[in-house]
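Since the structure comes first, as structure tokens, the remarks are kept for the end.
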Amino acid sequence: MAEKAKKKKNGGGGNQRIAFYKLFTFADRYDIVLMVIGTLSAMANGLTQPFMSILMGQLINVFGFSDHDHVFKEVSKVAVKFLYLAAYAGVVSFLQVSCWMVTGERQSTRIRRLYLKTILRQDIGFFDTETNTGEVIGRMSGDTILIQDSMGEKVGKFTQLVSSFVGGFTVAFIVGMKLTLALLPCVPLIVGTGGAMTYIMSKKAQRVQLAYTEAGNVVQQAVGSIRTVVAFTGEKQSMGKYEKKLEIAYKSMVKQGLYSGLGIGIMMVVVYCTYGFAIWYGARQIIEKGYTGGQVMNVITSILTGGMALGQTLPSLNSFAAGTAAAYKMFETIKRKPKIDAYDMSGEVLEEIKGDIELRDVYFRYPARPDVQIFVGFSLTVPNGMTVALVGQSGSGKSTVISLIERFYDPESGEVLIDGIDLKKFQVKWIRSKIGLVSQEPILFATTIRENIVYGKKDASDQEIRTALKLANASNFIDKLPQGLETMVGEHGTQLSGGQKQRIAIARAILKNPKILLLDEATSALDAESERIVQDALVKLMLSRTTVVVAHRLTTIRTADMIAVVQQGKVIEKGTHDEMIKDPEGTYSQLVRLQEGSKKEEAIDKEPEKCEMSLEIESSDSQNGIHSGTLTSPSGLPGVISLDQTEEFHENISSTKTQTVKKGKEVSLRRLAHLNKPEISVLLLGSLAAVIHGIVFPVQGLLLSRTIRIFFEPSNKLKNDSLFWALIFVALGLTDLIVIPLQNYLFAIAGAKLIKRIRSLSFDRVLHQDISWFDDTKNSSGVIGARLSTDASTVKSIVGDVLGLIMQNMATIIGAFIIAFTANWLLALMALLVAPVMFFQGYYQIKFITGFGAKARGKYEEASQVASDAVSSIRTVASFCAEDKVMDLYQEKCDEPKQQGFKLGLVSGLCYGGSYLALYVIESVCFLGGSWLIQNRRATFGEFFQVFFALTLTAVGVTQTSTMAPDINKAKDSAASIFDILDSKPKIDSSSEKGTILPIVHGDIELQHVSFRYPMRPDIQIFSDLCLTISSGQTVALVGESGSGKSTVISLLERFYDPDSGKILLDQVEIQSLKLSWLREQMGLVSQEPVLFNETIGSNIAYGKIGGATEEEIITAAKAANVHNFISSLPQGYETSVGERGVQLSGGQKQRIAIARAILKDPKILLLDEATSALDAESERVVQDALDQVMVNRTTVVVAHLLTTIKDADMIAVVKNGVIAESGRHETLMEISGGAYASLVAFNMSAN
């Protein structure tokens, strides 16, 4: 349903573009000044062409009518005017380019910021139904570039060209009205073709954008859940989805190229036919109306430079089409008024809040699942200062109560009251600031531990942070980390174990010092010892606060002032534990009995933690203890910490990094060409077409010089010659009609294929990186998504537009010099001497612009990560009113690239102005030199114009290429960044086909003398000489303190990492010698925080089986995981979308789907990392039964805090100080007096 709604939204009807002027909605006064100066300068710059044609007319008459002796004197008068024109053109073109580039950068940065700000202020329902992180990042990195392109220098260029057009026609009317009127009908033809083409192009641009946004979602999901993807060997699946989206974009891009070529081709035919007609009709005007040759040429050049200028508006129009299409969705979001607005400052603010909560007759459905009724007349009262616990089955709506109190959603009917006032009447930010939330899956941001904690209170002092950490029992493990509070936690907190993350989240809530406390399974990720200490901290915290607790473990809620049992959308029982336990038939009593049934185990259950406590005490004294604060990742799969382990280490890494990028820059263009090798035939044909297209320019110059000569011939000869040259011009137009569509179409194929190949290869390489690569914050999902979308698009411009232009211009230059030298070698030599000035000017433009791009892009990537983090954790951002904090951080990351953009604008303006200045100065010098040669009888008037037109058209070609410099430079940066990805060689490569495949897998596992440290935390030893043997079919449970490395064992078995020394064997074969994808197929992993993809429930379960599963297999697996009944009760059953990271489901529901996925895989080895921690007692019992059945004849490794699940294990191993301290069956270990395991259990019993 959500999917359908989304599709409808994205692709649905209407013309999805905004009006062009609306792009500038967010301009401030400074921008308006810049745009006015830029526009006036562009208009003035556009008039240089008409002025030049006036001077050209004067010049032609001087050359045509002056006698040889006075030609130099007369020409020098006109040449001085050319120098004035040069100065004028230099200044206005500088102002045009720099003003528009600077304002483009300013406004696009503002749009990025406004878009993120608006996204952050939206109600949570918007994220459930209308957007996701991938889309937001795609829009902020890809779409804003298109918008910036359409509102920067392209607007100036467009204004300049239109001004040239208007100026040209004005001059033509003044000089020769009759001839101009005769030529006028050609103009609508030119304009009409351009308009039709732009319309079609914008349609195609929308299709391309939509496909890329969807491709971005695939990247976001895969990289954000990379451990799940590789554990289920889902790389090919992700690639398949990605390539499907790329194929749609590819087809649209090719059509775009074809239509643009046809449009330009038709336009050029019209232009050249106009030339032909003008020559023929102009000749008649000379004979009949006494026009001069200069007049006719003036009219022709004025109309044609005007008409050509209109033709050249195409790239700008394409840009405007792409920009207005990209802006449509972004501006629509910016304008969206949220139902619950965090920025709305109206609403009540009380001087003091007591904390009485009441839900009165509430009816509620989630926006993403409007067909599932969650609450039907739900009522609950929580007096201030009281603790109320909500219990009930997984999915009964306990967490929904918390969402309604936080005002993430509003009820359909009924009221949520605080202190007797309807929640809707309060100022949203103020009321949220009075509520502290700790959720079941704590969300941390990809920054330091300190930064994560101060989300609770902006200006918290060090002392306050320390106190909060002590209360949350988190200071011990943080003190052991080399960087302490400055340790990076990784994307989604992957560098920490579940328990460590939860304690930081609790510290954050403690720091907020809220009046109302909402605890959603707040201690579910903790081991018994941490849970007891944190529970004590929470009890202190709850004093004189209104607290609502959602819990599965009933031990944690017995002391609550009131317990409410939630079932089928209502409170069906409430009272204290002692009151309700008296009714043996009550639902609460039954729940308690269910857990009592496993009470003995529960005792053990809480146990591993005694060991934890003693370990913590032992190692807290010695900073360098072997276990100095291991960090494991959330999925239990261990991760890493930021690069800045030590200054030296950090610098080494960054210096090698810059070296690679630099090296990449040297080779990138040649390598890019190599990537386009399969399209060599297409490129050759395209280049051939470009060459012919290029030769047309000097040939046109040659024809013009011949034409000028005929205007000074006797009437009878003029009549015949004019018809002949007119037909030659028509032939030239027909040539263009063939070669331009060919050139554009073929280069579009090559460019689109290259983009597709680069995106595909890069994503494939990303998917097959080893996990430690993703542990580096530089490779987070937001950054990778931004790199794939921005870099591939930028690189395409080198192959498509730029390569075509280079071939075309080279042909123009070579053709021009051949024509010049055959005319008069002296004149040509003179032209050759001044030409280098033009080339150097172009070269220096490229050099100047180099060096700004790379740095700025890196910063925008960092900014993308800030946005990605915030959007994927939107509930946490909303709950902690952290919208402003996120915006400040984003702003900080954008400041530097914005400054770079300003510099780039000024430099580009200087170079662009310089090119015009040089062009006209050179022409002036040429006129003087030419007239001197003519006066001295070393050249003729005809030869001079043949050389002159050849030179000017070449110069225009070179200047045009040099304006492409920003594109070439951006593409080089992007290419370096792409080859950075393509060249990274993973140590553990899942794409490798090498390695043995065992004919039969028994499942014997052995870890022999394993030592291990995380690659990015080389200063912390996790294992030192760890040995463990697991026989085939055995169930082995790992216990130990939070962060002792239990989950690291699972990571090593899955080969997410390789040990530093020692061996890991499967059936006596070292796992490093086995084929990696095959090895992972033998293992089924269920992690502590299950990762689901933003798809249907059915496809999430089917993900477990390579090559897809039948409906029957999916249902069987769901039944085994005790999730089939719940799925069947949903209106869309297995077709229900789970939302981003599974937000539409409760923790228990997600976990059961993850278990079904692992069951479907039917693995030989089962790895359960806290697999039932998120389940309530009822679900846990049934899932545990299911797991028990699944474990039969399978080797199983269990990591658990709840010892119910491990008492019956064939072997229990205690992980302590980097080795296995004890191992054996429960009974055996209990007999070791003073043993780690026995003391855990004893501690647990007393705690219970």
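The backbone N, Cα and C atoms fix where each Cβ goes, and this holds for glycine too.
Since the structure is predicted, the reported quantities are computational estimates derived from the model, not experimental observations.
These come from Swiss-Prot:
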TRANSMEM  32-52  transmembrane segment
DOMAIN    35-322  domain 'ABC transmembrane type-1 1'
TRANSMEM  82-102  transmembrane segment
TRANSMEM  158-175  transmembrane segment
TRANSMEM  179-201  transmembrane segment
TRANSMEM  261-281  transmembrane segment
TRANSMEM  299-321  transmembrane segment
DOMAIN    357-593  domain 'ABC transporter 1'
BINDING   Gly392, Gln393, Ser394, Gly395, Ser396, Gly397, Lys398, Ser399  ATP 1 binding site
CARBOHYD  Asn473  N-linked glycosylation site
CARBOHYD  Asn652  N-linked glycosylation site
TRANSMEM  682-702  transmembrane segment
DOMAIN    683-970  domain 'ABC transmembrane type-1 2'
CARBOHYD  Asn720  N-linked glycosylation site
TRANSMEM  722-742  transmembrane segment
CARBOHYD  Asn779  N-linked glycosylation site
TRANSMEM  813-833  transmembrane segment
TRANSMEM  834-854  transmembrane segment
TRANSMEM  914-934  transmembrane segment
TRANSMEM  939-959  transmembrane segment
DOMAIN    1005-1242  domain 'ABC transporter 2'
BINDING   Gly1040, Glu1041, Ser1042, Gly1043, Ser1044, Gly1045, Lys1046, Ser1047  ATP 2 binding site
CARBOHYD  Asn1094  N-linked glycosylation site
CARBOHYD  Asn1193  N-linked glycosylation site
CARBOHYD  Asn1244  N-linked glycosylation site
Any contact, the transmembrane segment (722-742) to the transmembrane segment (82-102), with at least 3 Cβ pairs under 8 A: no
Separation of alpha carbons, Asn1094 (N-linked glycosylation site) and Gly395 (ATP 1 binding site) (Å): 19
Entry from the binding-site residues list Lys398, Lys1046 having the most other CB atoms no farther than 10 A: Lys1046
Cα-Cα distance linking Ser1047 (ATP 2 binding site) and Asn779 (N-linked glycosylation site), given in Å to the nearest integer: 23
Additional residues surrounding ATP 1, by Cβ distance to the Gly392, Gln393, Ser394, Gly395, Ser396, Gly397, Lys398, Ser399 centre under 8 Å: Val566, Ser1146, Gly1148, Asp1176
Conformational class of Ser396 (ATP 1 binding site) under the three-state DSSP mapping: coil
Residue pair Asn473 (N-linked glycosylation site), Glu1041 (ATP 2 binding site) - Cα distance, angstrom, rounded: 13
Distance from Ser399 (ATP 1 binding site) back to Asn720 (N-linked glycosylation site), taken between C-alpha atoms, in Å: 91
Segment confidence, the domain 'ABC transporter 2' (1005-1242), expressed as mean pLDDT: 84
CB contacts for Ser396 (ATP 1 binding site) [other CB atoms within 10 A, all chains]: 21
Rounded inter-Cα distance in Å - Ser394 (ATP 1 binding site), Asn1094 (N-linked glycosylation site): 21
Whole-number Å value for how far Lys398 (ATP 1 binding site) lies from Asn1193 (N-linked glycosylation site) (Cα to Cα): 37
Residue among binding-site residues Gln393, Ser399, Ser1047 with least C-beta crowding, 10 angstrom cut-off: Ser399
Cα distance (Å, whole number) from Ser1047 (ATP 2 binding site) to Lys398 (ATP 1 binding site): 30
Where Asn720 (N-linked glycosylation site) sits in the secondary structure, as DSSP reduces it to three classes: helix
Residue with minimal Cβ packing [other Cβ atoms within 10 Å] among the glycosylation sites Asn779, Asn1094: Asn779
